[in-house]
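Note sheet for the following structure.
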Amino acid sequence: MKNFNRYLETTLLQATMTSDQLDLLIKDAIEEQFVGVCVPPFWLKKVKRELKEEDIQLVTVIGFPLGYTDTATKVFETKEAIKQGADELDLVWSQTSYHSGMNWPKIEIAQIAKLCHEEERILKVIIETANLSESQIKEACLICQDAGADYVKTSTGFANRGASVEDILTMRATLSSHVGIKASGGIKTLEFAIQLIEAGADRIGTSSAKQLIEAWKMKYA
């Protein structure tokens, strides 16, 4: 597998993360040329400053990690994140309205997709596959696709499990080819990351990106 580094979004979203950890994340991202760096909105300005003109996407999260903030708040978060330099926005969809049988997730995603696309930004929607059955994963994917999401993402990393190969196979079989898939949550080994990519993942969101690329170099470089 070539260009494994360009599948990896190196991620730091723990509540107690420190600026020292962030400095190391940025250093590794530049050194390894990962496709993206995913950080909390609080740190966007710093990371934007330090990435400069690197070909690395600045990614942040919206409505994270539970998705039940109201739409107006998510819209405000999105506008602020774009203003502060985010290239890609990972939105936690409204799990509570979906599980209540409401059409609101589609309406909300469509609003935020419009906002992102007007500013030429990428929208990924986190559906939290841990909380969905296989049929619900299919339904969630179609809602996201119809609402204009650029990617559907499996997990926040804060549920009882992260991505699985089965999730990715279901998502890829459901989504059109123009909608990407981001696998995230618990991706700690090279073998698992490659299995997810082979199943159809276009991006791997992981806090273990450095370890994964080192393992890949040992095996393939």
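Keep in mind that glycine also has a Cβ here, set from the backbone N, Cα and C atoms.
Record features, source TrEMBL:
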- Asp90: active site, proton donor/acceptor (ACT_SITE)
- Lys153: active site, schiff-base intermediate with acetaldehyde (ACT_SITE)
- Lys182: active site, proton donor/acceptor (ACT_SITE)
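Counting every protein chain shown, the number of other Cβ atoms lying within 10 Å of the Cβ of Lys153 (active site, schiff-base intermediate with acetaldehyde) is 30. Cβ neighbour count for Lys182 (active site, proton donor/acceptor): 29 (other Cβ atoms within 10 Å of its Cβ, all protein chains included). A gap of 4 Å separates the Cα atoms of Lys182 (active site, proton donor/acceptor) and Lys153 (active site, schiff-base intermediate with acetaldehyde). The Cβ neighbour count for Asp90 (active site, proton donor/acceptor), using a 10 Å radius over every protein chain in view, is 27. A straight line from the CA of Lys153 (active site, schiff-base intermediate with acetaldehyde) to the CA of Asp90 (active site, proton donor/acceptor) spans 8 Å.
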